[in-house]
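*Asks:* According to TrEMBL, the region 'Disordered' annotation covers 1-20. For 7-16, the entry in TrEMBL reads compositional bias 'Basic and acidic residues'. Annotated domain 'Response regulatory' per TrEMBL: 56-160, in sequence order. The 4-aspartylphosphate annotation in TrEMBL covers Asp106. The DNA-binding region feature in TrEMBL is assigned to 165-264. Annotated domain 'OmpR/PhoB-type' per TrEMBL: 165-264, in sequence order.
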Amino acid sequence: MLPSADPPRDLQRRDPAAMAGKTLAHPSLHLALRLERRAPLADHRAMTGAPTPQKRAILLLAAAGLRASLAEQLARYPEFTVASAASAEEATRLLSAGGCDLLLVDATIGEAFARSARENFPGTVLLIGAPGDPMAPHTSDYIARPFRFAHLLARLRAGAEEPAHPIVAIGAYRYRPGAFELSGVADRRVPLTEKEAEILTRLAAAGGAVVTKDMLLREVWGYHPTVTTRTLETHVSRLRRKIETDPTEARLLLTEKNGYRLVFSRAR
């Protein structure tokens with residue numbers, strides 16, 4: 001359980017220049033912020049003549065202390081605009097209004113909102129979890145505390161640059177390429193391993209065309225084509241057990257000559 005949600009006053013008032021190279025830890029939020037001595041981003045771009053990137057709109061749903069800290073830090077970067085929400089209901093209203101590019105959600109108050117948003121929101125949904133959560137190492141859309149603000153910033157920038165992934169319908173399931181779960185009827189969730197998600201994402205990206213086994217081995221595992229395909233075949237078999245009505249009579253993840261093909265449609 002988190003203590004007081006209010007950020008410490010010294011975090012609000014200390015001169016960043018005086019704290020260059022130091023790490024400020026927010027004890028109640030397990031959030032470490034590293035402040036560096038540098039010119040403001042906008043001034044640096046003006047001096048170098050670099051173009052100002054398109055602004056990205058972040059919808060931030062978090063507990064009070066974390067929300068205040070992150071909003072304050074993100075306000076220093078003109079590439080982002082931030083709309084803050086204190087509850088899932090408020091976040092839903094803001095999301096429905098449109099204009100959001102990224103969702104940054106505190107799992108302590110918004111995990112259910114994040115899961116629901118992933119079904120229809122085409123942009124990046126980044127979930128902030130608690131320290132030691134076993135989910136963190138296995139998902140690309142999850143960041144566990146403690147973390148440095150620079151790391152979070154890099155994740156947000158990467159998410160802003162990623163093309164939107166259209167949600168696809170695979171049999172009875174909906175899937176957002178890159179995610180680590182399938183969603184079904186009655187809010188049923190089917191978790192995917194990292195490799196299963198990468199295979200499914202690669203097959204979906206092929207648009208229904210055959211992806212060779214050699215290509216999957218190179219792109220998912222980084223293997224040389226001469227390496228045995230047994231590992232790939234094992235993962236495909238496990239995927240079929242998750243998405244097929246009858247895994248022995250595959251109708252969705254098909255074996256073709258030298259590869260595999262995914263049968264899917266764009267989700268409506």
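Positions of Cβ are set from backbone N, Cα and C atoms, glycine also.
Any TrEMBL annotation is an automated prediction that lacks curation.
Note that the structure is a prediction, hence the values are computed from the model and not measured.
Can you tell me where each of these features sits in this structure?
*Replies:* Spatially close to Asp106 (4-aspartylphosphate) yet at least six residues away along the chain are Leu61, Ala62, Ala63, Leu66, Arg67, Ile128, judged by Cβ distances under 8 angstroms.
Across the range of the DNA-binding region (165-264), the DSSP-based residue counts are 38 helix, 22 strand, 40 coil.
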*Asks:* Quick check on the domain 'Response regulatory' (56-160): DSSP residue counts for helix, strand, coil, in that order please.
*Replies:* 49 helix, 27 strand, 29 coil
